[in-house]
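S.K.: Pulled from TrEMBL, these are the listed features:
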- 91-302: domain 'ABC transmembrane type-1' (DOMAIN)
- 31-58: transmembrane segment (TRANSMEM)
- 93-116: transmembrane segment (TRANSMEM)
- 128-146: transmembrane segment (TRANSMEM)
- 176-200: transmembrane segment (TRANSMEM)
- 221-243: transmembrane segment (TRANSMEM)
- 249-272: transmembrane segment (TRANSMEM)
- 284-304: transmembrane segment (TRANSMEM)
Amino acid sequence: MHNTASRPGSERPTAKKAKVKALRGRWESPLAGYLFLSPWLIGFFMLTLGPMFMSLYYSFTDYSLLTKPNWVGVENYKNIFTNDEVFASSLRITVLFVLVTVPLRLMFALAVAMLLNRKIKGISFYRTMVYLPSLIGTSIAVSILWKNIFSRNGFINDFLGIFGIKGPSWIADPNYALGTLVLLMVWQFGSSMIIFLAGLKQVPTDLYEASSVDGASKVRQFFSITLPMLSPIILFNAIQTMINTFQMFTQSFVITGGGPVKSTFVYVMYLYEEAFTKFHMGYASALAWILLVLIGVFAGVLFGTSKYWVFYESQGGK
């Protein structure tokens, strides 16, 4: 009978396996997960959550970059709602901008998504070309290009001149300036279009086939099948687009500078002016928190009314 327990090195494989198992167990512990998350958590607390709470504190102070914060309570909010005419004007312009831009952008996105939901040659190229403006649409370069296109002697007026039409000063005229910005925001519908396209791919084709057998027209299929099946995606796109539109700044700042006569002076431009031109950081912080609450109210309205028009197949349409 051989006694292997006394052989030199016979325990080495076992010991090595034990070390590997212990090391694996250590990395599989919750601590390892937190270690991997730590870079994101540090960035979140330092660059997002921390500044948010600081801005909330500053909103109750009289604070500029050159002075220490002086606690004034709700005085900033009181002044905003009772004495600030620019706040009321910029808020009105922004809400109008949102109410016009969001529906138009969603309609264009859905229409183009349905056109691109076809099996035709080169469809991938067409989808890329449609999506491209969303990648570069918020850049300063595109805003400058848009400004040149819609200037008095720009491409749009030159094109209209071919037909004997004298185009207006799109950017310099208060009657057209905001509409020009709306058009730019609607042009950037690519992201919403991609999401709609993904949703269209998930609509069961047998629903269309069955409705065709029953004699349903394309219009009836759209309202009875396509829209209900896409309603959760419409809700998502509406909220995303609404949030982005409320925060629109670059286009107005570069193209119109808030003019003419403050006709495109949107809310975030006013916030920027108070913070980085006048250095009223406390007042600007209050404006920022009002914007957050306003976006929350609009989102709440969308979520609250969604039970009447959003169809969830897994919940029997409720």
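Every residue, even glycine, has its Cβ placed from backbone N, Cα and C.
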S.K.: Same-chain Cβ contacts of the transmembrane segment (128-146) under 8 Å, 6 or more residues past its ends?
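M.R.: Sequence-remote neighbours of the transmembrane segment (128-146) are 112, 116, 180, 184, 187-191, 193-194, 250-251, 254-255.
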S.K.: Which one, 31-58, 176-200, 249-272, 284-304, has the most C-beta pairs under 8 Å toward the transmembrane segment (221-243)?
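M.R.: So the stretch in question is 176-200.
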S.K.: Checking distant contacts: for the transmembrane segment (284-304), what same-chain residues at least six beyond its ends satisfy Cβ-Cβ under 8 A?
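M.R.: Result: 55-56, 58-60, 63, 76-77, 80, 87, 91, 98, 235, 238-239, 242-243, 246-247, 267-268, 270-272, 274-275.
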